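A quick write-up on the structure given underneath.
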Amino acid sequence: MALRGFCSADGSDPLWDWNVTWNTSNPDFTKCFQNTVLVWVPCFYLWACFPFYFLYLSRHDRGYIQMTPLNKTKTALGFLLWIVCWADLFYSFWERSRGIFLAPVFLVSPTLLGITMLLATFLIQLERRKGVQSSGIMLTFWLVALVCALAILRSKIMTALKEDAQVDLFRDITFYVYFSLLLIQLVLSCFSDRSPLFSETIHDPNPCPESSASFLSRITFWWITGLIVRGYRQPLEGSDLWSLNKEDTSEQVVPVLVKNWKKECAKTRKQPVKVVYSSKDPAQPKESSKVDANEEVEALIVKSPQKEWNPSLFKVLYKTFGPYFLMSFFFKAIHDLMMFSGPQILKLLIKFVNDTKAPDWQGYFYTVLLFVTACLQTLVLHQYFHICFVSGMRIKTAVIGAVYRKALVITNSARKSSTVGEIVNLMSVDAQRFMDLATYINMIWSAPLQVILALYLLWLNLGPSVLAGVAVMVLMVPVNAVMAMKTKTYQVAHMKSKDNRIKLMNEILNGIKVLKLYAWELAFKDKVLAIRQEELKVLKKSAYLSAVGTFTWVCTPFLVALCTFAVYVTIDENNILDAQTAFVSLALFNILRFPLNILPMVISSIVQASVSLKRLRIFLSHEELEPDSIERRPVKDGGGTNSITVRNATFTWARSDPPTLNGITFSIPEGALVAVVGQVGCGKSSLLSALLAEMDKVEGHVAIKGSVAYVPQQAWIQNDSLRENILFGCQLEEPYYRSVIQACALLPDLEILPSGDRTEIGEKGVNLSGGQKQRVSLARAVYSNADIYLFDDPLSAVDAHVGKHIFENVIGPKGMLKNKTRILVTHSMSYLPQVDVIIVMSGGKISEMGSYQELLARDGAFAEFLRTYASTEQEQDAEENGVTGVSGPGKEAKQMENGMLVTDSAGKQLQRQLSSSSSYSGDISRHHNSTAELQKAEAKKEETWKLMEADKAQTGQVKLSVYWDYMKAIGLFISFLSIFLFMCNHVSALASNYWLSLWTDDPIVNGTQEHTKVRLSVYGALGISQGIAVFGYSMAVSIGGILASRCLHVDLLHSILRSPMSFFERTPSGNLVNRFSKELDTVDSMIPEVIKMFMGSLFNVIGACIVILLATPIAAIIIPPLGLIYFFVQRFYVASSRQLKRLESVSRSPVYSHFNETLLGVSVIRAFEEQERFIHQSDLKVDENQKAYYPSIVANRWLAVRLECVGNCIVLFAALFAVISRHSLSAGLVGLSVSYSLQVTTYLNWLVRMSSEMETNIVAVERLKEYSETEKEAPWQIQETAPPSSWPQVGRVEFRNYCLRYREDLDFVLRHINVTINGGEKVGIVGRTGAGKSSLTLGLFRINESAEGEIIIDGINIAKIGLHDLRFKITIIPQDPVLFSGSLRMNLDPFSQYSDEEVWTSLELAHLKDFVSALPDKLDHECAEGGENLSVGQRQLVCLARALLRKTKILVLDEATAAVDLETDDLIQSTIRTQFEDCTVLTIAHRLNTIMDYTRVIVLDKGEIQEYGAPSDLLQQRGLFYSMAKDAGLV
């Protein structure tokens, strides 16, 4: 009543009047309502938002926007609006001054509105100064103000049209001006202003348009339309993608997470924690002590400190991403509340249809209200999803970045506890789990909220009967809980099997050449399949669980409805199930279905994420290296003349292990050259690692002055150009670079390589020989111009003459580094007289130290060692060359000084992993032939320098053949059975709802309905048939998915193992690992679920359309055009979405490849202090991947908003036609039709989402098939031409006019080789780098097939028999000793063909029996990944034991002893001489002394045999062999 006096002088104007506004055919608001509520609502909105918005703007300054015409116009309009409002105010004062009495509202409302317009103008300028290009707050304000003004405008027009109406001319004119200005202001607010000054997007060549998009464009995702149209017209490429928004980049996201994690760890460290480690076996060699990965992880899980002391990764993630993510809470809450508007409006609509007296406009009002709330719901929901997906993306970026950074700093012992496969899984699978969880996590509070609201409204509708439904739901909770627990168990088991499988696949791909040489593919295939079988067992259990889960989720809402309706109609006969009660309840039950369905998924997703969270926490909590354990000083600091000082230091590889190095004390003056010598496993490499801070320092003091460069024993090469490998992040200085290349003997190699130093080097340097790799590694160190150089036996990988060149020009007293401090670990004694200091290691201690002469004079262990090996090798030379041995200590010393090359002619050329099968070694030999060819056009060169094939994205639509392949993999019977059961399920659902509509239309007789029991029974029966069909299709799809998984994996594995070596050389291992991890995971887990959802959505949409057409046939006019719009939107989207998914998959491989590469070279990266550069590279690769992912999630939102608008139109027309036909329709049919139309939005959205998911996920099948159809090598076995089991009996090998090339378009690398090697002969194969030595042996094993000619072994042409028949009958001891993780026995005999006795005999002959006997597990001793818990020498002896076990007639040694010390070399050579006495032995040798007693020697040069004969004959010829022997100091 008080407002009456406020609104009018005489109190005749009420605020609300039902007869004016509702119960009339011509509705209007009262004048009081127009002057108060409609004016105040926009004002209150803006003032309520102002404090929060002001705070937000003050904290988020994006830069300053210059005044633009748009901004000036908006500001001017703001002032005009203020003037217009206050003109009304002054007019009121003027009227009062003339004695006209006015109600207070005419003073209050204009004042409030005027002040609000000033506030709006102030905000327009504040936004400009803070860099806001388009404002949602302001757009909403102008929209609300305009909608309120629209109601007033209609009223004023209606009043003006009345003849006797009183008109207030001045106020009417000001209102029309006010309305026009509001309309213009709203239109202008729809546009975006220019970018702020100094904004980063100004310099970005391809910025994301989102940052400059208008608010309207952002909420409807219109800004991505350009990309989607482009993707529809032509397949999208990487160059089409926009840069990431700055706030989504690794540079912004990762440091925050890392910083918060460190803080959390620091907090935790303050707590008293006791960590227990299991003690390691003391018998393990300590030089590179490794820990079994699985054992360590288990130990960490079981024995990690009490839970409360663990740092909480969840807390850190929340702290990092929570603030942004919290916005999604707000949107989700609004959406959840709006969800219930649909059923309530449906209730009013059914009431309207039943009430024949109600005016028509009410029906149209309900229809519009239904449409508007649905559209608002759509916009709010997709803003919510957008925030969730962006949060998920940021979390994934941050987790990958944190794992990468951690991998660069963890200790070696921690590194061994997580295999490469496990760490890659952390980056791929576990990071993805967090990403997926971000979308669902809100459902934890939202689902219960929805359930409570739905139940409350159901109570209002049905009363206490709803408790029956609640009871059903409560009964389902423990069922879901049990399933969630089981899911977690299976999840852990599945991840464990998967880790083991990826780890084994990694090893297989890294050691594929060895597998092929030994013909071990089948044994390893069986190992992988055994692990896969365990994995599939778990997947099968999960599938059964999933089927039960689907059954309960689908049936629960129906059971709830059935029980509720049954109780409702049976407890009281007067309870009538009319249309309003039934369909509003049904609509609420449909809402209830979503939270009930999603909760188990969310719980399962949380369970999976918790497993991942634990795995990540364990990895991120690993111990880190302590760089502070070594005191580093810059050179200019002075502080003594010593470069390196070590005092009483003890080092260990793992804190839990006994020390590896004990009581080390030495100091090295600046500029000194120091050699470190000693037997295998004595701690030489460990000493260098200790100086690099790679080991844990237990006690003592270590100080290093200046920067460090490191050359590891096994060269680490990046997949990059040769130049970039040498520069390694430094600036190019051409003269210095040239001198480094020359000093490292790389000039001849640059001439040979297709594009010189711009030639791309394959992964792990596959297209370089061992010597070339080592020289590149050396050049990298030299170019870095460091103060201290640590060389781990770099000269063992190169020829004698190259070794001499490098020592003289780089390492030695007159080399480039003569003024630098150099520590050289070496097995070669020829260089020792030239070094300043020799450190002799023994058993992890320094046994002797001094100059060469001092150590000889002491006559200790070093002198004894020299005497032993010098004398034996001099005796050999004496016999070979007819020289009389000289005895006596003095003379012997002299002999050692001058002739020491006898002892080690430096010669290992690390296994030329590709000299044999890459195109480049082909080029190496080919280019030697003709210098003219070196002058080939640069363009031609540039074409050839790319060796590694990047992961390619397919383009265009996924072929139907891919779907057909998948159906065949499932089995056609199961495929069609699934479709049939899906159909049965949906027909039953449709029938049950139609039956319900008939029930609600039953006539009411004496206050009750007849046939209630019959209706209820049929309704229940239809529900049961639906449940059976659901269970059936769920089982069929799950089992089919597992069958397809098994089939596709077996095909892929078999195909990869049957691929030739050339395939592995040009395919980065990251691509292959990606197929076996991510793509296979998609086939295992994603595709069956997507199929279920796709089929469900498809039948739901068809069902909804049928119901709407049955109820209102007039809808046939509108459904086809809407269907057409839907189809076009969907096609537009799928074309781009599919390509974005492919680009995302393709850009993911480099992330893993780079990560793998980093893990292999982590010690080099740390030594050169290049961590920041590698982190930056990794971040760029992750961002490149997210550049494809981000548009794909936005495209999803773009699609959903448009499709839901189509769905909302269906709701609009279904309701509209129901209102138009209300006199001819029953309430039951209206209820059925509108309740189905309310669901059609969701169904349509899901259908396109799932059809797109289907297509994007089926890409995984396409990518698996892509590698299943690669070229294959020859068959492993050919029954028709299989040689006799006793073949070869003699071992006679004939090369007849044999030619070899690596590719069709390349020249021969071996040409016209004609040579016969008789059984039992020992033949040495020698030649300079690139002469074709390894090519010859690889031709023998048919790693490369002959281009012309043939090889005959004991009368059988080897090209005619199966590869395994051939390779089983020849044995090779390769240059790089490769071992696989698994037992020692498995490494010797993977097929378990030999008895334990035979295995022990081979170990005894290989001088390993004592070592293996001392191990606690003997033959079952677990070898680490790559065999790294054995020293190189021990690994080489294991390879010898393999050869002794196979004992074939033909043995090939591929520079097998170059990497080992003299003692091991001696053991191997003597064993070969005695045990393979009656066999044909072919030896590729760089240490010529090892082949001087051979029957004959083949000298190769430029792919041709230059000399062939007995060593003594060739020396007399004084040809190539003689010059090589001379270089080696043998003559």
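Every residue, even glycine, has its Cβ placed from backbone N, Cα and C.
Keep in mind the model is a prediction, meaning the values are calculated, not measured.
Taken straight from Swiss-Prot:
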type     : residues                                                               : note
BINDING  : Gly1327, Arg1328, Thr1329, Gly1330, Ala1331, Gly1332, Lys1333, Ser1334 : ATP 2 binding site
DOMAIN   : 325-608                                                                : domain 'ABC transmembrane type-1 1'
MOD_RES  : Lys503                                                                 : N6-succinyllysine
TOPO_DOM : 1-33                                                                   : topological domain 'Extracellular'
TOPO_DOM : 96-100                                                                 : topological domain 'Extracellular'
TOPO_DOM : 155-172                                                                : topological domain 'Extracellular'
TOPO_DOM : 338-363                                                                : topological domain 'Extracellular'
TOPO_DOM : 569-590                                                                : topological domain 'Extracellular'
TOPO_DOM : 989-1025                                                               : topological domain 'Extracellular'
TRANSMEM : 34-54                                                                  : transmembrane segment
TRANSMEM : 101-121                                                                : transmembrane segment
TRANSMEM : 134-154                                                                : transmembrane segment
TRANSMEM : 173-193                                                                : transmembrane segment
TRANSMEM : 441-461                                                                : transmembrane segment
TRANSMEM : 465-485                                                                : transmembrane segment
TRANSMEM : 548-568                                                                : transmembrane segment
TRANSMEM : 591-611                                                                : transmembrane segment
TRANSMEM : 968-988                                                                : transmembrane segment
TRANSMEM : 1090-1110                                                              : transmembrane segment
TRANSMEM : 1112-1132                                                              : transmembrane segment
TRANSMEM : 1227-1247                                                              : transmembrane segment
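Beyond the transmembrane segment (968-988), the same-chain residues lying 6 or more positions past its ends with a Cβ under 8 Å from any Cβ of the stretch are 554, 1022-1023, 1025-1026, 1029-1030, 1032-1033, 1036-1037, 1039-1041, 1043-1044, 1047-1048, 1091, 1095-1096, 1099-1100, 1102-1103, 1261.
In three-state terms derived from DSSP, Ser1334 (ATP 2 binding site) belongs to a helical segment.
A Cβ distance under 8 Å defines the sequence-distant neighbours of the transmembrane segment (173-193), meaning residues of its chain 6+ beyond its ends; these are 65, 68, 70-71, 73-74, 77-78, 80-81, 84-85, 87-88, 91, 128, 132-135, 138-139, 142-143, 145-146, 149-150, 152-153, 156, 212-217. Within its own chain, the topological domain 'Extracellular' (338-363) is flanked in space by residues 24-25, 27, 369-370, 373-374, 376-377, 380, 450, 453-454, 457, 579-580, 583-584, 587-588, 591, 1215, 1218-1219, 1222-1223, 1225, 1227, 1230-1231, 1234-1235, 1238, which lie at least six positions past its ends and keep a Cβ under 8 Å from the stretch.
Here the C-alpha separation of Ser1334 (ATP 2 binding site) and Lys503 (N6-succinyllysine) works out to 29 Å.
There are 25 other CB atoms within 10 A of the CB of Ala1331 (ATP 2 binding site), with all protein chains counted.
Where the transmembrane segment (591-611) meets the stretches 101-121, 548-568, 1227-1247, the count of C-beta pairs under 8 angstroms peaks at 548-568.
A sphere of 10 angstroms centred on the C-beta of Gly1327 (ATP 2 binding site) encloses 28 other C-beta atoms. Each of the recorded positions Lys503, Arg1328, Lys1333 was scored by other CB atoms within 10 A of its CB, and the lowest score goes to Arg1328. Among residues of the same chain six or more beyond the topological domain 'Extracellular' (989-1025), those with a C-beta under 8 A of the stretch's C-beta atoms are 555, 558-559, 562, 565-566, 569-570, 573-574, 576-579, 581-583, 586, 1103, 1106-1107, 1226-1229, 1231-1232, 1236. Here the CA atom of Lys503 (N6-succinyllysine) lies 38 Å from the CA atom of Gly1327 (ATP 2 binding site).
In this structure, Thr1329 is the one among the binding-site residues Thr1329, Ser1334 with the smallest number of other Cβ atoms inside 10 Å of its Cβ. For the pair Arg1328 (ATP 2 binding site) and Lys503 (N6-succinyllysine), the Cα-Cα distance reads 37 Å. Geometry remark: Ala1331 (ATP 2 binding site) versus Lys503 (N6-succinyllysine), CA distance 36 Å.
Taking only the Cα positions, the spacing between Lys503 (N6-succinyllysine) and Thr1329 (ATP 2 binding site) is 34 angstrom. Mean pLDDT, taken over the topological domain 'Extracellular' (96-100), works out to 74 on the 0 to 100 scale. Secondary structure from DSSP puts Thr1329 (ATP 2 binding site) in coil. Note on Gly1330 (ATP 2 binding site): other Cβ atoms within 10 Å of its Cβ, all shown chains, come to 30. Remote same-chain partners of the topological domain 'Extracellular' (96-100), defined as residues 6 or more beyond its termini with a Cβ less than 8 Å from a stretch Cβ, are none. Across the topological domain 'Extracellular' (989-1025), DSSP helix (H, G, I), strand (E, B) and coil residues number 26 helix, 4 strand, 7 coil.
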